[in-house]
């Protein structure tokens, strides 16, 4: 029997040729470290400007292991080993950790966490836009316990606001920006219990159109929740699951249009062709619903009907940037989470790579001088990769050894639980007999579950721009929107704003006051 450690040693010897020649020279690493040190020393001069714009990128389920694996994938897609690659978020100067637990859950869900990082208060699992005094599914605990989000704070300050997601626009993450619901699953009134309807609670799609009526940009999936029950979908005419769901008979698209001022240009679109044909300079309001439910995975995306996340982000920024007071934009890479729940690591990681493109796109369209950009996750997953893989090993490949217990190979990527648990002939499935590089391959898991679960560990926060240094250590997740609001001088904190204006972009009042004092300064 060959020891697995011998296999590892042989594999390591064989992969020495993968080490880039420049990395064999100690000077390469020393020079790299010295340059990083110089960059770090520059950060001693803090950016205390007022953030005219705030962009929040939320990778749903994007734990630290997912970030690392996606970094490697990005490099390998560009024909590099991958480990040395930098994601766009890797280039941000400030990094912190976020404690993700819900008020009633050690391992959180996406609704309670969204309430934390958008509304600034922690909440119960499964609830959105309400405090922990609201119990899930109990409509009568909602009234009086509503909490508002940074999107509302930005709108109240005169900024433009937008929501872009790859999930339904009434899914957990985006809904916390505008809705107050005792249950994240109340997508339309069709999904609500009679008791909740009789008590006056409204579904999340309804709240999207009524609570903050002047959201300038809304893009994602979720078309079917806007139309009356059994209304045929414009794209999937023969698919019953794509038909309208609303029991109240409302057409929320028509309601959205009716709320817009007559002199403004409002556009409802449902496909990529329509999106790319828009002139952002003539668009005041945009509602883009590109799928009946969630948008397609990036690997499965129809390039004709469905835009990419980066394309949606580009259009959103072009529209929102017209406001001289600035904007707040929430961008969710929401299907990272879905890929992990299904045990489909390849789908999940390609979603991260696409979100990384969107982060880069936003970076080219904005400036760190007046735009605070925050990238974070709501929670992690029980996703891991290991097995002493050699440098440049395909992130979806095998470990360089077999198990010393069942003598079978295993992939580097594994899950703690999920649908990838498979037993063949009373033993763990031999992965060398299946296509483990397939887009929909379900990585093996230790415990069988129909859906893989979230992880409970801290997640990363990456930040750049005005006041980004305030994200600097281990924080409660609800701290995040307070930083964003402080940086933008919106919400509760205003006392610092006058002095911040003087050190950043001076407002006319203080500047004129200083000019008036100038002759006195010369005399004395």
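Cβ from N, Cα, C; glycine included.
Note that TrEMBL annotation is computational and uncurated.
Every protein chain shown contributes to the tally, and the Cβ of residue 110 (active site, phosphoserine intermediate) ends up with 27 other Cβ atoms within 10 Å. According to TrEMBL, the active site, phosphoserine intermediate annotation covers 110.
Taken from TrEMBL, the feature Zn(2+) binding site applies to 60, 337, 341, 378, 379, 454. Close to residue 60 (Zn(2+) binding site) in the fold, though at least 6 residues off in sequence, lie 110, 167, 173, 332, 333, 334, 335, 336, 337, 377, 378, each with a CB less than 8 Å from its CB.
Its Cβ placed at the centre, residue 173 (Mg(2+) binding site) has 29 other Cβ atoms within 10 Å. Per TrEMBL, the feature Mg(2+) binding site maps to 60, 171, 173, 332.
Per TrEMBL, signal peptide is recorded for 1-17.
Counting only the Cα atoms, the space from residue 379 (Zn(2+) binding site) to residue 171 (Mg(2+) binding site) is about 15 angstrom. Between residue 341 (Zn(2+) binding site) and residue 171 (Mg(2+) binding site), the C-alpha separation comes to 16 Å. Here the C-alpha separation of residue 171 (Mg(2+) binding site) and residue 454 (Zn(2+) binding site) works out to 17 Å. Long-range C-beta contacts of residue 454 (Zn(2+) binding site), restricted to its own chain and to partners at least six residues apart, with a cutoff below 8 Å, comprise 61, 107, 108, 109, 379, 380, 381, 382. Other than 60, 171, 173, 332, the residues of this chain whose Cβ falls within 8 Å of the Cβ centroid of the Mg(2+) site are, in sequence order, 58, 110, 114, 165, 166, 167, 172, 174, 333, 334, 337, 378.
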